[in-house]
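Contents: one structure, followed by commentary.
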Amino acid sequence: MATDADMAIFGEAAPYLRKSEKERIEAQNKPFDAKSSVFVVHAKESYVKSTIQSKESGKVTVKTEGGETLTVKEDQIFSMNPPKYDKIEDMAMMTHLHEPAVLYNLKERYAAWMIYTYSGLFCVTVNPYKWLPVYNPEVVLAYRGKKRQEAPPHIFSISDNAYQFMLTDRENQSILITGESGAGKTVNTKRVIQYFATIAASGDKKKEEQPAGKMQGTLEDQIISANPLLEAFGNAKTVRNDNSSRFGKFIRIHFGATGKLASADIETYLLEKSRVTFQLKAERSYHIFYQIMSNKKPELIEMLLITTNPYDYQYVSQGEITVPSINDQEELMATDSAIDILGFTPDEKTAIYKLTGAVMHYGNLKFKQKQREEQAEPGGTEVADKAAYLMGLNSADLLKALCYPRVKVGNEYVTKGQTVQQVYNSVGALAKSVFEKMFLWMVVRINQQLDTKQPRQYFIGVLDIAGFEIFDFNSLEQLCINFTNEKLQQFFNHHMFVLEQEEYKKEGIEWEFIDFGMDLAACIELIEKPMGIFSILEEECMFPKATDTSFKNKLYDQHLGKSNNFQKPKPGKGKAEAHFSLVHYAGTVDYNITGWLEKNKDPLNETVVGLYQKSSLKTLALLFASVGGAEAESGAGGKKGGKKKGSSFQTVSALFRENLNKLMSNLRSTHPHFVRCLIPNETKTPGAMEHELVLHQLRCNGVLEGIRICRKGFPIRILYADFKQRYKVLNASAIPEGQFIDSKKASEKLLGSIDVDHTQYKFGHTKVFFKAGLLGLLEEMRDEKLAQLITRTQARCRGFLMRVEFKKMMERRESIFCIQYNVRAFMNVKHWPWMKLFFKIKPLLKSAESEKEMANMKEEFEKTKEELAKSEAKRKELEEKMVSLLQEKNDLQLQVQAEADGLADAEERCDQLIKTKIQLEAKIKELTERAEDEEEMNAELTAKKRKLEDECSELKKDIDDLELTLAKVEKEKHATENKVKNLTEEMAALDETIAKLTKEKKALQEAHQQTLDDLQAEEDKVNTLTKAKTKLEQQVDDLEGSLEQEKKLRMDLERAKRKLEGDLKMTQESTMDLENDKQQLDEKLKKKDFEISQIQSKIEDEQALGMQLQKKIKELQARIEELEEEIEAERTSRAKAEKHRADLSRELEEISERLEEAGGATAAQIDMNKKREAEFQKMRRDLEEATLQHEATAAALRKKHADSTADVGEQIDNLQRVKQKLEKEKSELKMEIDDLASNMESVSKAKANLEKMCRSLEDQLSEIKTKEEEQQRTINDISAQKARLQTESGEYSRQVEEKDALISQLSRGKQAFTQQIEELKRHLEEEIKAKKCPAHALQSARHDCDLLREQYEEEQEAKGELQRALSKANSEVAQWRTKYETDAIQRTEELEEAKKKLAQRLQDAEEHVEAVNSKCASLEKTKQRLQNEVEDLMIDVERSNAACAALDKKQKNFDKILSEWKQKYEETQAELEASQKESRSLSTELFKMKNAYEESLDHLETLKRENKNLQQEISDLTEQIAEGGKAIHELEKVKKQIEQEKSELQTALEEAEASLEHEEGKILRVQLELNQVKSDIDRKIAEKDEEIDQLKRNHLRVVDSMQSTLDAEIRSRNEALRLKKKMEGDLNEIEIQLSHANRQAAEAQKNLRNTQGVLKDTQIHLDDALRSQEDLKEQVAMVERRANLLQAEIEELRAALEQTERSRKVAEQELLDASERVQLLHTQNTSLINTKKKLESDISQIQSEMEDTIQEARNAEEKAKKAITDAAMMAEELKKEQDTSAHLERMKKNLDQTVKDLQHRLDEAEQLALKGGKKQIQKLEARVRELEGEVDAEQKRSAEAVKGVRKYERRVKELTYQSEEDRKNVLRLQDLVDKLQMKVKSYKRQAEEAEELSNVNLSKFRKIQHELEEAEERADIAESQVNKLRAKSREIGKKAESEE
């Protein structure tokens, strides 16, 4: 650990990088209890520091730092590390490795602003959200050359380590920077680039001058300036980050051999182009749009025809438009200057701005809908004119292309109409594409500019890419990012543990290698392997009718339940809908696949793309040059056009995978360094850290994954000496004292003597390795031991100190005793006189001497003091001199050492240079000698060639003369001269072939074509020979005529002959000389040709291997196509079988319905039914037999498939062997290339070292210059030869590189094909049942092909032999010619006979050649014909396989849909029955409640009437009293009293009325409460409706929800019954009325029973219908089995059809018949498709019927719920009415009591005051009694009448209600019966149609079978004839060979 002095070089950054010494000491001395200090899981804070209070029964009670007491499980506590590990720089060194330890270490370091921390291989950085002085220039210099452990954690340390590793290990490096948006990835990437630009540029201070006009700024400036430009076009504001990079980038910085910066390049990934057209509210688009509109450069506003207000442009104003932390004006100037520095031309710069402005204008394009049409039309042309002007287009063409694009249909283009939405979508896609392509083009241009063409040796790559993303809504972009991180994490796991395990291996630890990279293999394979997610996505993109649902279904079929990493998402409230889940290493992510197909295809308007390609803006045309537009494709021709078309449909996922694979291959070739960036909080607050957020990122970016892997190994390792020194205290006796012992053995003995798990540690060569956690245990044991030792030591120290103190006390005691004794003695003699005298005299004796001594001592003291001062001054001077001398000495030593090192290096370099120079001189001499030899040979050859040509021309002239003379003599002589002329032509042809060979040396790729040309030349020679033959025949005829003339001239010629003899001798001698010269030249040429042939043989071998591989690839491609066509054919056959099955199912259903209709009618019908059943049983047996046969054939097919797979495996093995051979040759060539490169490199290094030596050592330079001047002449002489040789070696190396590229391309193709083969194997296993006949056909075709190949090879051999015979004949002709020339005059007669023989043999040979050629041509034709037949057969096989696959797929889908609908139907039936039962029970309860309610209303009305009568009586009585008062004047007082009482009664009545009003208010309040309760119930009902709808979508919870609703309804019914009982208890007084109601209820119950009986009958009918439906299902299953049987028959038919097609190819007449049959089958197929459509319509009809039933069930449920609410309301109202009636009853009683009291008072008053008026009173009383009687009688009568009326009304209502219910039930049943009858009729009709179709198919089958048998017979006859012909041809060939 560095001291504070060492940290001083970091300047003001030191406190932000490492703790001070004081803090470290304080941390180590902090009190700490290892057993009680723990981290605890917390709900809010994730983990908190706590102290253990107690433990009991698996529970632990802890107290947190905040004072909170918690009780947790034991697995929820984590041990805390000792204080010395606080703020540790490398978290991998911690004793306890777990999540809370990592979290709190990061938190504490972040709180101290130490933002960089190591975690094993990782460097973790936390965003500080403020500026820290840790990137200053002095920090860069401080980190330079420091090892990782020597300096604090920092991004500069990672960068410098990568740089140093690159220089020392000679290996490429990479730095992987990942993290979420806003974590600081881009900033750290900038710092890395800044660091490299600083340290690599500082190594070479003298900058090289760049050519004028090429670039502005140095390479360092350009690398740094690339960032502002990429950020302007690729960065944007997001919610988390104001400057978020919306793309990933991999920056490669290249360095030379000396570490100097050489060049750079950038690769980008996953640009978020959707941001161009859409942004969220809190975000904004890319910075460049807002920079342009900042008006910092007004000329841009004018040029782009835009305004400065972003809200004028829809694409860039959907979110925010300004960012507080970014100054758009300054950024614009930075972007503009970056464009200039990076060397963009002014035109390119203008084009960038114009295209950016055009994208903004695109967002403002308006379109509208035409009247009465869906077609879109432009809403104006102003914006389009601006956009078209900026893009160099015609606005009218642009609008036309957008509204009416051209689409390719077949081979023609048609114009397609677009809706408004489609046009807007197209415009958005084009805008995104333009921006994306412009961004990628800028990256390419930047790379071109950063490529300085300087020599570069190594590179350091910096990867800045988004981290793992888990959002609420995850789409395709998240899958790509997460897949990238999955691959990077796998790469990290593999790399990390490879390093770990290399350490174990180096230390000699026994360890079984574990590749932790394979932990993530399952998820990676699920995504990228064949039939993975990307594969299925790309496959779906190829199908035009594919949808998101079909994509989801394929994913589920392929992976759900088969792969643990693929799961079905769990629905959560508030979350976005998800379609599937993937288990990544960072967690489970739910993905939504909406729109993935469109995103992946990324379609563009091809017509507009065609306009872009023709744009006058060159940059735009360049951007879309490689995209195949509508016009471009139609106009493209040749191979190039086809290639573009093929590559135009490249999906986004395929491109992404290609880039990712390239990135991973780059990373695997480097040594990686990992940096993980973290966001501390969401609010961008400096210093604050959110625990859950940081933990989530640690999981996502693999830090915790790295800890997991680290824990599986031995993460903690300590040197033996350190371990012995620190832990010796644990058992000191284990290490013997007094003798030497090795630290390793001491550590082994020490650990062996301690009670720990011995499997938790291992001993290496130099270190002891511990598992995680064991060191913490050792630390605890050490602390305990130290505590024991310290307590013992303290005890001994205290005892020793006390003993010392006691000894001192004893000594003090003795001295005190002595002093006391002396004092006592002195006190005794003090007063003695002699003692007094002694005291006076003693001091006087030595006083004078002492004064002298004191004076002398003072003088000496002063002298010594002065001397001491002088000596101190001298000493200081000497010390200063010594320090300065030491410093000078050290400096001089350093200089001497440096000069010595430099001298040693220089000497070594000089020696190396001399050696290399000698080697080079030797090589140059060899090369010059070889070159001179070759030049001399060439010169001699050319001279001799010219000589030969001249002599040949002279000879030709002489021969022509001779021929003219000999033509007159004899015809044979003339023929031989013609042949001589032909031979001379052949010599010229041979010269031409030599010239061709020299050309082939320059262009080796044309070798194959040259061989073809030679072949053609041979054929031409044969043709010329045939022509010569015809000419000779004509000449023979002519010469026979002139024979007589020749005889006459013979005598003349004899004389001429003697004369010419001398000339001939001379010519013969000259020709002999020429031939000798020619032989010498030929030998030299052969030597030269031998060297050329060696090179050519190598190249030809490589070409042959390449051709073989290409053939294999073609064969594999053909095989793939065959298999795909087989799958397609299988699918079609399956579709046909499916249609047959559907037809037969309808037939069976009709039959079953007929049987049911006719069931039980008559005995005859019963017999018919029995017969039908017997037939059915027979058919079932036949079906079972057919299935057995089918299984047998399937087994045979499996066996054949296994054989075919074995053949394919052998082919693959052969290909692998070829590949290994090629790779071996490739490695040899690479080694040669490496040797050449190393030689060139050593030369360049030597040159550079020489230049340096020349600058540093001038003396040596003068001597070397003299030597160089002497050698310069020789170098100048050989420089031209060297340049020529270098060009030749460059050509050879280029050819080798091309071959390497070809080999790598072939190997990639091979890998792709092996993957395709694996996919096809899986397809083959599924589609194996339909391969019997195609496999036979394929085998027979292969057999024929092999036979033909053998014949062809035999014919080729025969042809070669004929050619050899021909050449032999030619050579013999040449020999005869020479003999003729030498002995022509002497032996003319012998020459003539020989010439005749030669002519005859030549003629025979020519005839034989013609015969062989004709035979070859015929064999070639038969081979071509058979190849065509094989190709046709393969196409048919592929079709059948494809049809089978399609059928199988449709079968599965149909079965799945059928089972789902069956399940839904059963569930709805159950729900319907339950709802019907509930509705019946509720309707009965409703009837009861209604009756009770009406009775209570009647009772209330009677009470009201009685109340009114009583009030009337009271008023009558008061009137009578008033009349009595008027009649009797004496009783005025009584009257007053009565009036007073009357007023009191009125007040009482008013009070009663007030109480009545109060009660009415109560009633109103109760009604209001009732309404509120009703609304609550309605709300609850609505909520339950929503729940029911949701639960119906999820079928698993339907039963529970129905049960809950049932329970609720039972509770409400119980509540109603309870209310009813209470009501009956309250209404005991009106039992008479209740009896009437009971009787009516009994009658209603009777009616209810009747209706229930009717409902039971209907239920029975319904059950019968269900049973019949189940019977129909069984019959459908039977029909399916019959369909399978028919499918097997169809397969047999297909086999027969294919057999007939083979025979058709033998006999062309049969071909026509078979094609007619195919047409017939096609018509059948179309009819079956129509039946399939009918079936689909029937299914849709059934679905609609099921939906109706579901709707009825829902209506029934709603009615039931309404009935419940009505019943509850009625019960409440009934209760209220009962309360009011009881209250009125009480009021009535009170009023009766008051009337009685009044009556009593009135009697008393009359007795007191009216003694005389008794008679009148009695009369009045009698009158009153009569009136009362009449009133009572009238009341009784009216009450009875009212009761009767009410009774009859209730009865009428009940009857009407019952009749309405009956009528509804009858109608419902009638509808059900009608529907069932309709179904029965449709099933009958379908069965009849199926029966007819089956009959037709059977007749066709019989007919085709008959024709098949005939065709097979004809095929056998034809095959036997072919075999005979082959045998004949072989016999003829053998005869010809024997004759020769």
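Each residue, glycine too, has its Cβ placed from N, Cα and C.
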- Task: Choose the correct range: of 417-431, 762-776, 1362-1376, which one does Swiss-Prot annotate as region 'Actin-binding'? Give that range.
- Result: 762-776
- Query: Taking 926-954, 1535-1563, 1912-1940 as the choices, which stretch does Swiss-Prot tie to region 'Disordered'?
  - Reply: 1912-1940
- Query: Which is it, of 591-613, 660-682, 683-705, that Swiss-Prot names as region 'Actin-binding'?
  - Reply: 660-682
- Do you know the DSSP helix, strand and coil residue counts for the compositional bias 'Basic and acidic residues' (1928-1940)? 12 helix, 0 strand, 1 coil
- Using a 10 Å radius around each Cβ and counting other Cβ atoms from all shown chains, which of the binding-site residues G179, G182, G184 yields the largest count? G179
- Message: Please identify which of S181, T186 has the densest Cβ environment, defined as other Cβ atoms within 10 Å, among these binding-site residues.
- Response: T186
- Message: Please count the residues of the domain 'Myosin N-terminal SH3-like' (33-82) that DSSP assigns to helix (H, G, I), strand (E, B) and coil.
- Response: 3 helix, 31 strand, 16 coil
- Query: Got a sec? Which of these recorded positions, K130, K185, has the most Cβ atoms within 10 Å?
  - Reply: K185
- Restricting attention to the domain 'IQ' (786-815), give the mean pLDDT. 93
- Item | CB within-chain contacts under 8 A for E180 (ATP binding site), separation at least 6 | R240, A466, G467, E469, C677, I679, Q697, C700
- Rounded inter-Cα distance in Å - G179 (ATP binding site), K130 (N6,N6,N6-trimethyllysine): 18
- Message: If I take the Cα of K130 (N6,N6,N6-trimethyllysine) as reference, which of the binding-site residues S181, G182, T186 has the closest Cα?
- Response: G182
- Query: Which residues, in sequence order, are found in the same chain with Cβ within 8 Å of the centroid defined by the Cβ atoms of G179, E180, S181, G182, A183, G184, K185, T186 at the ATP site, excluding those residues themselves?
  - Reply: N127, N241, S244, G467, C677, I679
- Taking DSSP states H, G and I as helix and E and B as strand, how many residues of the domain 'IQ' (786-815) are helix, strand and coil? 30 helix, 0 strand, 0 coil
- Can you see whether DSSP assigns K185 (ATP binding site) to helix, strand or coil? helix
- Residues in the region 'Actin-binding' (762-776) grouped by DSSP into helix, strand and remaining coil: 3 helix, 6 strand, 6 coil
